[in-house]
Amino acid sequence: MSSQLAQLCLLLLHTGAHGFGILPGKSLSHLEITESAILNVSVQVCRALAQAEGTDFTFPSQPFTAEGVAVACNAPKSSKTFRQAITSVILQNVRVDLRHALNASFHFDEEMFVQGRKIITEGLQAVKASNKQENFEAAREKLGEILHPLQDFYSHSNWVELGNKVPNSDLIRSDTSVGNVADVSRATCRNCDGDDCRNNILEDVIAGGILTSGYFGIVPLVSTKPQGKCSHGGAVDQTSAIEPKGGINKDSFDASHGHLHTDAANMAIAATSQLLDDVRGAAGDRPFLQMMGISKGSGKALCFVIDTTKSMSDDIEAVRTVTSAIINTKVGTEDEPSFYILVPFSDPGIGPLIKTTDAQLFRDVVNSLSVTGGGDDEELSLSGLQMALSGAPANSEIFLFTDAPAKDKQLSGAVTALIERTQTVVNFMITDSTVTNRRLRRSDRTQARTMAASDAQVYVDLAQASGGLAIEVTKSELPAATSIITESSSSSLVTLLQAARSPGKADNFFFVVDETVTNPRVYITGRSYTFTLISPKGESQQSTDTSGSLITASQSVGNFQTLKLKKEVGQWEMRMVSTNPYTLKVIGQSPIDFLFDFVEASLGPFTGYDALDTRPPAGVNGSLMVTLTGVDSGTLTEAALVESTGSKETKGVLETQGRGKYLVRVEQIPSVEFVVRVKGQDGSATARVFQRQSPTNFQASNVTITADSNTVLVPGTPFSVPFSVMTNGIGGNYTIRATNNQRFDTASPTQLFLEPGNSTGGTVNLTAPLNTPSGTDVTLTIEAEAPGGADTNYVVLRISVLNTVTDFTQPECQLLGLESSCPKNCSLSTWALSARVTDGDEGVGVERVSLKQGNGTMNTSLAAGNGNVTLVSYRASCCSPDMELLAVDRRRHLSHVNLLTLKRGWTRNAPPPLDSTMTARNFGLTAQKELSHVTLETRMSS
């Protein structure tokens, strides 16, 4: 980059000159546009579900918030996961400006309407395919990416200036024209009148309804545009100084067409809502809400990774018992798991990953587990864990059961990367084997414990990194230890304290229990330790005292002890004494929690912060984006990075971003493992103080690794991911490892030679088998390890598989019969219809026909001898004259979505002049003129 261009980029960092803003301000930004649409559509979906289920629905207070919408959706425990989903979409939206700043297609600049529409429609296919496979995180990431160009269309084109009052629905359809686009040689603009650009678009362009958009360039003497074309406009757009001068963007109130900013932003909100509604139509209401993190129950997943080799019979029986206990006691309550996930593993078998919302199905799958194999001493436990981490929602809690060491220890780095990126807690339930001639034929108990400790170290390290526990028990003790699973399935769990000391030493730990915290509990792992617990009122209780008042219940099994504390608000102290390694964790239940991402300021031309896919840089300043959840009016007062194995902390400077978000700047990221701790006030009249901590331990790195690629992989087609590695630490040969959760064939360099300060590149090539289903989620982890293992970093990429589309046939809805004899009193009779839904001779078949609107009863069946035809019958009260069918074909990632809308045009007291024997013979497109009170509407989106 030339020095002149670098100066321009620096200028852009301060001005932000392209697209709706990506940070909050006076003008509406991509962040606010996206969040507003998600909240609005989610409310409408929840209202529709309530109506369908015959339950009451109360609209949340304005302005909508994630917490308020979750409550209105009868899913108050989902407020955190809902907020997390919104944040994920927004971050990917913002990333477009930071990573594709000068790609005109991503912003509908330079009249790139066909190219921009292609980005949206192909991305929409990927979103729907991912939803079909319940890979909601991949769906959210792609959704955020395509919403950016969709929203920019209304700011960068002249759609608003043409007088349009509704969004351009052709942007989400691949089978139509995007509009009457100006020819490349057609002039579209004149010079602005000084700073007044309100009338710079030519009158014949407006009169002809011709679409145009502005050209944009930032390099002096190089940036250009065709003669007579409009510019984007703004101080850094070099084309705006070329005649016709000025611009037409509506990115902010200060923009060239800033007088239309509100109109453009509102249109962008409506268009975003329209696209979201299209995604909803393809997925269904419940799956759409799941994609957005809203689900009934606890909002958490119950996730098991289980060794199924022969010696694990007792362990699997314990899993069956605890699964049944959770399902029997928590289904239908706010503590019911929202997802159930199971990954079995042995050697060489791994998976498949079972993911369901059906509690009984999950119980049946667990009950059907059988043991086999296991002739050697090690199993593929980390491969199973990698699969679970890639498939479970972020911030999940996973339980891995095994009695064997890991055979695939080389995956520990990739597993650690996924733990850090997903902030998932992993607990290891490690049992001694009782099978003769297995696990090295251990007969000496002392020797067995020494060897088991060595074998289990990789599990201990991973547990500590995740904020989980490595629980070591005998098989007979395991049922007692599984009580932690029941407790962890409770809703709204928060971490008050997480610490580890290895080697062990005496230390004092402090944690705060606030008014919102219930059921405070302490978990300790270790051997030969003592403790003293001190309450906020100064009362104390020793570990040897079984009659004290502070600990209401205690249980010890193997190396694991649990303490249930009495509820007392204030600061508690735990004084631990041990020379052996130990971990200490304090949790409770509370609606108040926080989310965060490590971010870095954009190095590209536009201001903003991009979430890191890697570890943050060590020993230098850094930033976090923190979001407070579970409370509308609370505030953060402190955020700090606390060393995991010590007491040193680095406090950050908080900058309020609005809507519960804070940018936290720290002067120096610790060079050792650390956790994130926040403090704040809950917004009550008494400003009660709370404290929360991340369970996940993080590490910084002197190694920088970057990678970026297309996020869609076509089966059978080689897929390349270029990456680069740089170090500010030691030079030499760095070990490179590339792994993926699907175990697809992967080729990459195994080593790269690095000189400090210089970047070296490589490429990862992978191929998905031809039979890989669309929507399969591929999580690719690329690691770079310094010589001797002194330092390591990684980058995690999420890639969606999308098969080549061959079915372009939209489902067709044909009315077969319509009968009605509605009296004046509509409550005394019913009306009915029958319809035929097909995907055509060239289609792949209809997957689902559902009732989108209507209070009647609908039944569907396959036509005899033709599985491609679905017959629909519907009957409703004459007081409910409106109904709407939605048909989705089996290639729903294409969004072949048709709506058959029958809007009966009579009032409740005035029935229509409709013969009760009406059939398909006298109903059709030609007959619509005679039957004006019945309309047939169809819609197909891309």
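One is the number of the first residue shown, and numbering goes on along the chain from there.
Note that Cβ sites are derived from N, Cα and C of the backbone, with glycine treated the same way.
Pulled from TrEMBL, these are the features on record:
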type	residues	note
SIGNAL	1-19	signal peptide
DOMAIN	65-289	domain 'VWA7 N-terminal'
DOMAIN	301-475	domain 'Hemicentin-1-like von Willebrand factor A'
DOMAIN	494-590	domain 'Hemicentin/VWA7 galactose-binding'
DOMAIN	703-802	domain 'VWA7 Ig-like'
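Residues in the domain 'Hemicentin/VWA7 galactose-binding' (494-590) partition by DSSP class (helix H, G, I; strand E, B; coil) as 0 helix, 61 strand, 36 coil. Contact between the domain 'VWA7 N-terminal' (65-289) and the domain 'Hemicentin/VWA7 galactose-binding' (494-590) is not supported, since fewer than 3 Cβ pairs fall under 8 Å when only residues 6 or more apart in sequence are counted.
Under DSSP, the residues of the domain 'VWA7 Ig-like' (703-802) split into helix, strand and coil as follows: 3 helix, 60 strand, 37 coil. For the domain 'Hemicentin-1-like von Willebrand factor A' (301-475), the model's pLDDT averages out at 84.
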